[in-house]
Amino acid sequence: MTTPTAIRRLDAADPDFARHLDHLLSWESVSDDSVNQRVLDIIKAVRERGDAALVELTQKFDGLQVASMAELILPRERLELALTRITPVQRQALEKAAERVRSYHEKQKQDSWSYTEADGTVLGQKVTPLDRAGLYVPGGKASYPSSVLMNAIPAKVAGVTEVVMVVPTPRGEINELVLAAACIAGVDRVFTIGGAQAVAALAYGTESVPKVDKVVGPGNIYVATAKRHVFGQVGIDMIAGPSEILVVCDGQTDPDWIAMDLFSQAEHDEDAQAILVSPDAEFLDKVAASITRLLPTMARAAIVETSINGRGALIKVADMAQAIEVANRIAPEHLELSVADPEAWLPHIRHAGAIFMGRHTSEALGDYCAGPNHVLPTSGTARFSSPLGVYDFQKRSSIIYCSPEGASELGKTASVLARGESLSGHARSAEYRITDLDWKTGNLEEGK
């Protein structure tokens with residue numbers, strides 16, 4: 001006999017619901033002191049000793065016997081070789097996914113713009129891609145080629161000149177799918193290094209690893225902590241927490257589908273969060289039964305069970321309107337609207353990393369091949385953050401080109417404001433360009 005699931009049950013009608021929900025959502029992402037200090041030591045070593053430190057740390061943490069950085073560099077030919085080592089079906093899937101991701105992100109490209117005022121002054125914005133981006137990819141058997149596509153393709157679409165990938169190969173384990181994905185995505189350089197030391201190398205540069213402008217990509221607590229510390233020296237994408245899925249269902253979807261959708265995120269790790277919200281209490285019972293029945297069939301059953309029982313929940317609400325309220329409160333990474341008319345509810349969704357609309361749109365499709373990016377804000381940060389995209393690899397510069405007439409008119413306003421702030425250098429710089437002698441006589445002699 002299968003033991004019933006121990007997943008948490010909440011009811012929005014409970015007077016303590018808000019408190020219980022806050023407790024469910026709480027997750028501490030801050031590194032402990034020992035991790036923090038180890039990361040600081042690693043960053044210091046890489047900054048001071050460059051390649052030598054990378055070689056030593058790779059030997060220590062990845063169990064590799066390497067004598068120099070030359071052994072930790074993969075040439076383009078090795079990426080092309082990986083394409084021949086995966087199956088034709090795998091290559092076709094990677095290429096199709098890459099094509100869809102590229103097509104979607106092409107639509108995110110921003111163009112420079114400008115306009116001319118009546119006096120000839122030109123104002124505008126110049127959009128420029130980053131020179132170099134660094135992509136961190138977890139290594140070993142738990143590698144994710146889809147992450148390579150999702151991080152590298154937007155950078156290349158943005159026009160980044162060089163994409164540098166770092167991927168650890170613990171005990172010499174190389175994932176051919178990851179290298180094949182790097183080849184398809186157009187990654188320019190690959191180093192087989194990982195951990196905090198790889199992040200430090202990308203941020204500060206070494207004799208072999210070029211310094212980048214931005215570091216993106218997922219990693220463990222050491223990688224995340226290193227990204228926190230190098231932020232400011234370089235840009236970063238985000239500090240990602242555990243994966244999350246929130247399913248809002250009207251009770252009409254197959255319970256097995258919903259259970260498996262919850263599993264799709266719960267299988268990532270024990271801290272992942274999978275939540276179902278529905279106004280149908282009987283449907284929640286059916287999904288709970290599906291969870292119990294399907295759990296033993298999962299390859300990562302132990303991880304799924306820990307996640308579901310520890311951080312998962314089935315939440316009963318009064319109606320669909322309240323379900324949407326709860327969804328906005330949670331601000332999930334992935335939100336499935338498994339309802340009859342998702343378009344009707346879409347305008348009411350304010351906070352979600354990605355929104356999967358309709359019963360047939362499983363979150364897994366977004367993870368791999370739908371097209372939108374799967375690098376999404378977690379831990380409620382969808383309230384103020386967005387998915388990774390082309391815009392993360394472009395920067396904007398303001399353009400101001402004053403005509404003599406424009407400089408004269410703007411100078412009057414600038415002079416008054418600058419003198420109001422007691423910044424006479426600013427004021428005089430603007431005033432030198434004012435051609436209206438009457439204005440100068442009437443204002444500057446009065447010390448204004």
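Heads up, the Cβ atoms here are built off N, Cα and C, so glycines get one too.
What you are looking at is a predicted structure, and each value in this text was computed from that prediction instead of being measured.
Other Cβ atoms within 10 Å of the Cβ of E333 (active site, proton acceptor), summed over all protein chains shown, number 29. The active site, proton acceptor annotation in Swiss-Prot covers E333 (among others) and is backed by sequence analysis.
Positions annotated as active site, proton acceptor by Swiss-Prot, on the basis of sequence analysis: H334 (among others). Sequence-distant neighbours of H334 (active site, proton acceptor): residues of the same chain at least 6 apart with a C-beta under 8 Å from its C-beta are S243, E244, I245, L246, Q265, A352, G353, A354, F356, E363, G366, L376. DSSP assigns H334 (active site, proton acceptor) to a strand.
The NAD(+) binding site annotation in Swiss-Prot covers Y136, Q197, N220, and the record cites sequence analysis as its basis. Packing around Y136 (NAD(+) binding site) is summarised by its Cβ count: 29 other Cβ atoms lie within 10 angstroms of its Cβ, all protein chains included.
Here Swiss-Prot flags S243, Q265, H268, H334, D367, E421, H426 as substrate binding site. For E421 (substrate binding site), no same-chain residue lying six or more positions away in sequence has a CB closer than 8 A to its CB. In the three-state DSSP classification, E421 (substrate binding site) falls within coil.
Under the heading Zn(2+) binding site, Swiss-Prot lists Q265, H268, D367, H426. In the three-state DSSP classification, H426 (substrate binding site) falls within a helix. Under 8 Å, Cβ to Cβ, and six or more positions away along its own chain, H426 (substrate binding site) finds A414, A418.
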For N220 (NAD(+) binding site), the spatially nearest of the recorded positions H268, E333, D367, using Cα atoms, is H268
For Q197 (NAD(+) binding site), the same-chain residues 6+ apart in sequence with C-beta under 8 angstroms from its C-beta are I42, A45, V46, A53, L54, L57, T58, F61
Neighbouring C-beta atoms (10 Å sphere around the C-beta of S243 (substrate binding site)) | 24
By the 10 Å Cβ-neighbour count, the most surrounded of the binding-site residues N220, Q265 is Q265
Where H268 (substrate binding site) and E333 (active site, proton acceptor) are concerned, what is their Cα separation in Å, rounded?
-> 14
